[in-house]
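J.: Encoded as C-alpha cells, here's the structure I'll be asking about.
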Amino acid sequence: MSFRKVNIIIWVLAVVLFLLVLHHNFLSLSSLLKNDISDSGIVGLQPIDFVASAHQHPVSERQEEIPVVIAASEDRLGGTIAAINSVHQNTRSNVMFYIVTFNSTADHLRSWLNSGSLKSIRYKIVNFDTKLLEGKVKQDPDQGESMKPLTFARFYLPILVPSAKKAIYMDDDVIVQGDILALYNTPLKPGHAAAFSEDCDSASTKVIIRGAGNQYNYIGYLDYKKERIRKLSMKASTCSFNPGVFVANLTEWKRQNVTNQLEKWMKLNVEEGLYSRTLAGSITTPPLLIVFYQQHSTIDPMWNVRHLGSSAGKRYSPQFVKAAKLLHWNGHFKPWGRTASYADVWEKWYIPDPTGKFSLIRRHMDTSNIK
C-alpha cells in the first residue's frame, strides 16, 4: 500500500472520530438543555422552598395546591367573601382556601360559599381556638378591631395548615386583581420564613397618625424607651412592613419556631408594655417586626397596594388602582362601610349574602333614605 493511501485512510478515520465526538457532545448538550427547561418551569418565577443542592420548582397552573389563609369574622364576612371571589375569578391555579373562623360563624359562612359562583371553590373551614391567646393579649378598648382574636390567626399558620410547605396569608379587606400564582411564587431567600411588602416601597404612601409622625418605621410601632426593646439593637429608623398580606415558607417557619417567638413577645408586651403608645395599626405588627427584623424577603409592592381605608378620599389614580395586583383597604374606612374610597372597585367582587344577615351599610342607608 502506497504512503499516499495510508495518509488518506488516517485522514478519513480522524474525520469519522471527530464526527462521533461532535455527535456525542451534541446529544449531551441537548439532554442538559431539556433538563434545564423542565427544572425552570415558568420563566422568571422562583422556587417554593430553598433546599441546598436540590432542584427548585416554581408552581405552575393546576400543579401544586396553593393554600390561601384568610380570617372570617361574622361582622366582616362580606369582606372575606369578596376577597375569596376575587382570588377565584383571577386564577386557574389549584387554590385551597383555609378560612379561619369560629363555630358560631361556620354555618353562615358555609351557606354563603355554597351559593352562586363560589360553589366550585375548594375550601376548609378552620375553627380558631381563643385559648391560644390566653395570657398573650392585653385588653385595650382603644385598639378596637385590632384586638379581635381572629387578627392573630396569622401567627399560627403551621397549626392552621399543618401539611403545607408554603402558604399565603391575606386580610379580609383586600381585593386580588392579579393571578395569585404570581404571589405564591414570590422568591424567599434562604433562611427566610416569610416575605412582606415594606412600608417604604414605591407603591406605599406614608401615613400620618395621631401627631406621632410617619408610621412607616420601627419607632412607630415599638416603645424605644423600654430597655428590653433597646437591648435588641434594632434601628428605630428601620422600615416597617405590612403583615396584612404575606407569603410564608412554613418549613422554615417551623424550623425557626416563629410562632413560639411571636408568643414570647406577646407575653412580654402584656407584662411590660413594649408597643408604641401611639400605635394606630394592628397590634399584630410589633411582634412580627421584632421576630422578622432584617430576616424577611419582600413581595412585589403591587401585591399590597394599601391605605385605601385610611381615609374616604382617593389617594391613587384610577390607572394605578387598575394596575395594582392586590388592593388593601387597611384603616377605618372599609369598603363595606358607610364611606370608603374605591368602593365601586371592591363591590364588583362582592356577592350578596343569601341569608340576608350581612348587608352593605351604605346601600342600606341609601334604601332607608329613599323610603
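Quick reminder: no glycine exception, Cβ is built from N, Cα and C everywhere.
Features from Swiss-Prot:
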type	residues	note
CARBOHYD	Asn257	N-linked glycosylation site
TOPO_DOM	1-7	topological domain 'Cytoplasmic'
TOPO_DOM	29-371	topological domain 'Lumenal'
TRANSMEM	8-28	transmembrane segment
J.: If you count Cβ atoms within 10 Å of the Cβ of Asn257 (N-linked glycosylation site), leaving out that atom itself, what do you get?
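T.: I count 14 other Cβ atoms within 10 Å of it.
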J.: Where does Asn257 (N-linked glycosylation site) sit by DSSP, helix, strand or coil?
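T.: Coil, per DSSP.
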J.: Taking every residue in the topological domain 'Cytoplasmic' (1-7), what is their average pLDDT?
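T.: Reported value for the topological domain 'Cytoplasmic' (1-7) is a mean pLDDT of 59.
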